[in-house]
Amino acid sequence: MARAVGPERRLLAVYTGGTIGMRSELGVLVPGTGLAAILRTLPMFHDEEHARARGLSEDTLVLPPASRNQRILYTVLECQPLFDSSDMTIAEWVCLAQTIKRHYEQYHGFVVIHGTDTMAFAASMLSFMLENLQKTVILTGAQVPIHALWSDGRENLLGALLMAGQYVIPEVCLFFQNQLFRGNRATKVDARRFAAFCSPNLLPLATVGADITINRELVRKVDGKAGLVVHSSMEQDVGLLRLYPGIPAALVRAFLQPPLKGVVMETFGSGNGPTKPDLLQELRVATERGLVIVNCTHCLQGAVTTDYAAGMAMAGAGVISGFDMTSEAALAKLSYVLGQPGLSLDVRKELLTKDLRGEMTPPSVEERRPSLQGNTLGGGVSWLLSLSGSQEADALRNALVPSLACAAAHAGDVEALQALVELGSDLGLVDFNGQTPLHAAARGGHTEAVTMLLQRGVDVNTRDTDGFSPLLLAVRGRHPGVIGLLREAGASLSTQELEEAGTELCRLAYRADLEGLQVWWQAGADLGQPGYDGHSALHVAEAAGNLAVVAFLQSLEGAVGAQAPCPEVLPGV
């Protein structure tokens, strides 16, 4: 994100229709033409004197000075015909993306004037259609026509023009009621109030008041060398199914029939749905024949998880987690992924679980900490840690060492860890999160760092503030190499960790996740440990018909609870 520079900023304002330009006809609002002519009469949208002096065309307007040395000029491109946004489809949004592509080199940014009813769908669709976007695209509209005495349209449109003209925010955004949202994170939440949109799971990219506040850390970074790519081959045979208590399996079956290729299924709470066998069977049959189903919560905030058995059942039926995506974003993403040519079904499913345009926050994504080597920060830290001779310097160094050691271990930076050792640092100290460097290295799967720390004699069974051991973190991260090193050094799961493993083992068995079961066994867990309902992983696998898992577990029945071998000789099926 950067502040736009230059004496003039040229924008293209694409008017598709919507309430902002509507007029009353026979007592109802219908799309109204001639928006540029209306804006020309409003001094806040057009400096007639400056336009006359510049000899601007009729469709190009100029805002009053936005700053001392900068003017924002904008050309209004009116679609023919105009649309009520309720009539918009993927085809119209593809045309809109292609319009932006045609004019991409002529303008510094783009404002799309769109009806509010489907604006969140439009913003989500455009975010996936426009790849490698390096200019600002903002959708806006109004709840009341702009020519009305009391209208939100004037503030919304002016705010969108100012944001697109003054800042380079290389995303598809939505501006409404003084807030700039990431487009694929926004949803409409009110039919009448001016604060019609919100971004339930991500803070606004910017807020406008007496000052403009940009949340710079949220703005996505782009590759400055990549050119804009417009994806026009969006799959149109996708749908949205909202579950409700008691929904008949026959209704679900009817909905999931061809030619449907993908479904966003809105579920209860954190991704839960009815666990009736006939309904789960319909979902399983559909996913096994290649239908892609994405699970999104119908709650406004929060994410889909498998904390509950009902959510686990959805995953077991082949339904893909939508994490914290809005339904609008999930539908757009599904359309985009299924529309890409030449991809296997497995690759498409994998793409749906990845963050492609900032549309979701996968729970596996952890904060990345930079390496302490090879950068300016590393040089400054090395200098700071080498300070001695004063009480203040020693106190500062001692306070920083635990966090720096954990950062180095998390990055797998053995050289930085060795540098800390040479300065006399204790690599067994805990950081502000209550974790040791061994926790950080185990979580990241860094075998070299783990080896180095074990050679330094750190406590292999140390617990963090949550009671987690490095071994448990390695199991959760599925790092068999690290698990083997820790086990050889005497690591073991605690009684609490083993007791809580039962439910997780059942979840893995239900999902036919052999890799997950193997790392637990390698860590010394009893795979016969029952879950919260008293059933074991073997019982769950048998009930789910996961024969490979059943065979694996039965092969271990004679050695349940025994010491697991090293990772090189894990049992297979």
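A Cβ is built for glycine as well, from the same backbone N, Cα and C atoms used for every other residue.
Noted in Swiss-Prot for the protein shown:
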type     : residues                            : note
ACT_SITE : Thr19                               : active site, acyl-ester intermediate
BINDING  : Asp84, Ser85, Ser86, Thr116, Asp117 : substrate binding site
DOMAIN   : 9-355                               : domain 'Asparaginase/glutaminase'
REGION   : 41-350                              : region 'Asparaginase'
REPEAT   : 141-170                             : repeat 'ANK 1'
REPEAT   : 399-429                             : repeat 'ANK 2'
REPEAT   : 433-462                             : repeat 'ANK 3'
REPEAT   : 466-495                             : repeat 'ANK 4'
REPEAT   : 533-562                             : repeat 'ANK 5'
Write down the Cα-Cα distance for Asp117 (substrate binding site) and Thr19 (active site, acyl-ester intermediate), rounded and given in Å.
9
Let me check the 10 A CB neighbour count of Asp117 (substrate binding site). How many other CB atoms are there?
19
Neighbourhood of the substrate site (Asp84, Ser85, Ser86, Thr116, Asp117): other residues with Cβ within 8 Å of the Cβ centroid, in order?
Gly18, Thr19, Phe83, Asp87, Met88, Gly115, Thr118, Met119
Site extent for substrate, whole Å (max Cα pair distance, Asp84, Ser85, Ser86, Thr116, Asp117):
9
Report the same-chain neighbours of Thr116 (substrate binding site): residues 6+ apart in sequence with Cβ closer than 8 Å to its Cβ, ordered by sequence.
Gly18, Thr19, Ser85, Gly141, Ala142, Gln143, Phe176, Lys188, Ala196, Phe197
Per DSSP, how many helix, strand and coil residues does the repeat 'ANK 5' (533-562) have?
20 helix, 0 strand, 10 coil
Helix, strand and coil counts within the repeat 'ANK 3' (433-462) (DSSP):
17 helix, 0 strand, 13 coil
Per-residue pLDDT averaged over the domain 'Asparaginase/glutaminase' (9-355), given as an integer:
94
Taking 10 A as the limit, how many CB atoms besides its own sit near the CB of Ser85 (substrate binding site)?
20
I'd like to know which of the recorded positions Thr19, Ser86 has the most other Cβ atoms within 10 Å of its Cβ.
Thr19
